[in-house]
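Working notes, structure below.
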Amino acid sequence: MARKIGSRYTAHQILGRGSAGTVWLGEGPDGPVAIKLLREDLASDQELVSRFVQERTALLGLDHPHVVSVRDLVVDGNDLALVMDLVRGTDLRTRLDRERRLAPEAAVAVVADVADGLAAAHAAGVVHRDVKPENVLLDMQGPLGPGGSHPALLTDFGVAKLIDTPRRTRATKIIGTPDYLAPEIVEGLPPRAAVDIYALATVLYELLAGFTPFGGGHPGAVLRRHVTETVVPLPGIPDELWQLLVQCLAKAPASRLRASELSARLRELLPMLAGMAPLDVDEPDAEQPEDAPDASAASPAAPVSTAEPVRRRGAVPLVPGAKPADSNRDTHTSMRVPAPDELAGGARGTARAPRASGAPRPGSARNRAATRRRRIAVGAGAVALVAAIGVGTWLATGGDEDGGGPQDTRNSAPAAP
């Protein structure tokens, strides 16, 4: 059912739902548009509405080929909406869900486009604060780039900042998506342009590997890894690309490249990446407690199916019940800033090291079962050896038919007087 948005726009059909609201296919005076209608609880917040109006000039002035332009901001009764250019295509999360990972050339081309858009935004004083695959749109009607990549555009500018008002989120709250949060955000520092670079480098890692460098498991563990762990190398990519990733994933914001520098460096690497196949690495599973039940031990006779599709994980949702395969899931929300002792890494650390395809993961059910079998085999061998020694000793000392009395040892009882 169509609904009016202000006096100039009509929303016809829902395109998707996100954490801050619903995106509609709409119509305006100049043709089709995308209309992001914010949630009712946000629209009823007068402080947010005031901030919404204040951001109007900055958002409307952000015009770049790799940014989804905001055409208008509408405040009408209970409606609070951003009217944006309509991009005919899909988002990067949908492509990742379909392909799992991209060839390095295509991945770098997509991220270089997004870095170009971020450079324009940062020059205008706008920090995105929620860079992730869900917020990168691929224009299927645009010309193909390196590696067959479609032009990439960054969307949802201003939404994170609008939600993060002083009244709605105190200084003890984190706003964002756990897998892509820069360490300084986890530690409660104000977001600067460098947080977007860290998030974009995380996206690049995910495009190459099929998983994020610090994701997996409980959101609290994810946040701790961002602060305490170093990124583990990805096998199979050129050292120049890896060093670029490491620099942009640096814990210190000042050590990261600026968006314009990142874009230029990535485009310089494109020729050496031409023709490279997607990486062949397995996703490390989330950590399991050592006393966790072992599925293989619980039902040793159960048949193992090899036809079941591999489960893939995208961003870790903070909202209970969100389905990993749902690209519209609510991942952009708030969470308490962890205390310093909660951010301290354990003795073993929590980083998830990529493995070569088919290699067993230490701590996995399969690896634990193999370890258990080796221990049983070693134990059985030890028992057999002890038994053999015992039999040999008996034959040597007490195996004759008229053998004498038992020999006195330290552990035998003294003879009665």
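The backbone N, Cα and C atoms fix where each Cβ goes, and this holds for glycine too.
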**OP:** Pick the one from Lys36, Lys132 that Swiss-Prot also lists for the ATP site with Leu15, Gly16, Arg17, Gly18, Ser19, Ala20, Gly21, Thr22, Val23.
**Re:** Lys36
**OP:** Drop a 10 Å sphere on every Cβ of the binding-site residues Leu15, Val23 and tell me which sphere holds the fewest other Cβ atoms.
**Re:** Leu15
Original post:
From the Cα of Asp130 (active site, proton acceptor) across to the Cα of Arg17 (ATP binding site), what is the distance in angstrom?
Top reply: 16
